[in-house]
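The Ni(2+) 1 binding site annotation in Swiss-Prot covers CYS2, CYS5, CYS7. Annotation source Swiss-Prot lists Ni(2+) 2 binding site at CYS167, HIS168, CYS199. Look at Swiss-Prot and you will find CYS167, HIS168, CYS199 tagged as Zn(2+) binding site. The annotation compositional bias 'Basic and acidic residues' is assigned in Swiss-Prot to 31-57. Annotation comment: Swiss-Prot describes 18-57 as region 'Disordered'. Swiss-Prot lists 107-268 with the feature region 'G-domain', giving similarity to another entry as the kind of evidence.
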Amino acid sequence: MCTVCGCGTSAIEGHTHEVGDDGHGHHHHDGHHDHDHDHDHHRGDHEHDDHHHAEDGSVHYSKGIAGVHVPGMSQERIIQVEKDILSKNDAYAAENRRHFERQGVFALNFVSSPGSGKTSLLVRTIKDLKDRLSISVIEGDQQTSNDAARIRETGARAIQINTGKGCHLDAHMVGHAVEDLAPEPGSALFIENVGNLVCPAAFDLGEAHKVVVLSVTEGEDKPLKYPDMFAAADLMILNKADLLPHLDFNTGFCIANALRVNPRLQTLTVSARTGEGMEAFYAWLEVSAARRAIRSKVA
């Protein structure tokens with residue numbers, strides 16, 4: 001949906017302007033969400049080419065060629081608007097990626113539902129790796145700077161992006177935040193996206209990898225319900241493993257569902273609270289960062 005309607009304005013901590021303001025000295029020049037809002041409203045007619053009634057009574061609004069329904073917009077118009085928005089975002093993402101590669105910054109985009117334990121995972125990681133890896137963080141939420149404050153309590157540098165009515169970060173926002181945060185060369189940058197398993201899947205931020213965090217309290221079928229996110233990710237972290245003795249949750253079934261969506265997906269089971277399984281994540285982090293550094297040097 002965000003790829004066709006756009007999202008609300010955003011604010012980066014310490015700034016009074018809106019992201020995309022031409023007055024900012026950032027290397028990104030155009031406002032990200034300045035796409036055409038001519039929604040081709042119909043004159044009372046009601047098209048049915050974008051949804052399907054299944055035999056079980058459910059209604060599917062993903063059966064049109066655009067894969068999504070927007071009132072008053074034809075499927076062809078939806079596709080065009082989506083292309084316009086994503087092409088702008090991809091250009092900003094490519095610029096971010098080039099910057100990260102020049103600086104040797106290893107950027108990860110953490111995505112999940114609200115309450116999966118992303119922030120707790122980052123806090124634990126920063127504390128445990130403080131003598132092994134320099135880490136800075138970009139936090140994304142609709143409102144408050146609570147998560148950035150939690151990160152700063154670890155001693156790490158963090159900046160908060162508030163997206164307002166927007167439900168995901170985009171590459172333009174991240175580019176501004178990176179300019180202000182200025183991650184150290186050779187460091188890791190953790191980008192904690194807005195809690196949402198839908199919209200962030202389509203938006204490349206320039207990261208090396210998307211990491212999807214799934215709490216064991218969410219259900220084994222979550223990868224099948226929200227396939228785009230799991231298809232876009234390189235690593236799935238099953239968090240809150242300390243709760244498994246108290247839940248009717250089949251870890252193997254959940255992983256199998258995720259691999260049905262994305263056969264190349266790597267998976268880890270951890271508890272950010274107790275530390276169980278975290279060393280495996282740290283090993284993945286260090287190996288992935290080293291591989292990325294080698295590829296950057298070769299390129």
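Cβ from N, Cα, C; glycine included.
A quick note: this is a predicted structure, and the numbers were derived from the prediction, not measured.
Within 10 Å of the C-beta atom of CYS167 (Ni(2+) 2 binding site) sit 19 other C-beta atoms, taking all shown protein chains into account.
Under DSSP, CYS199 (Ni(2+) 2 binding site) is assigned to a helix (H, G or I) in the three-state scheme. Its own atom aside, the Cβ of HIS168 (Ni(2+) 2 binding site) has 22 Cβ atoms within 10 angstroms in the protein chains shown.
Across the residues of the region 'G-domain' (107-268), the predicted structure has a mean pLDDT of 97.
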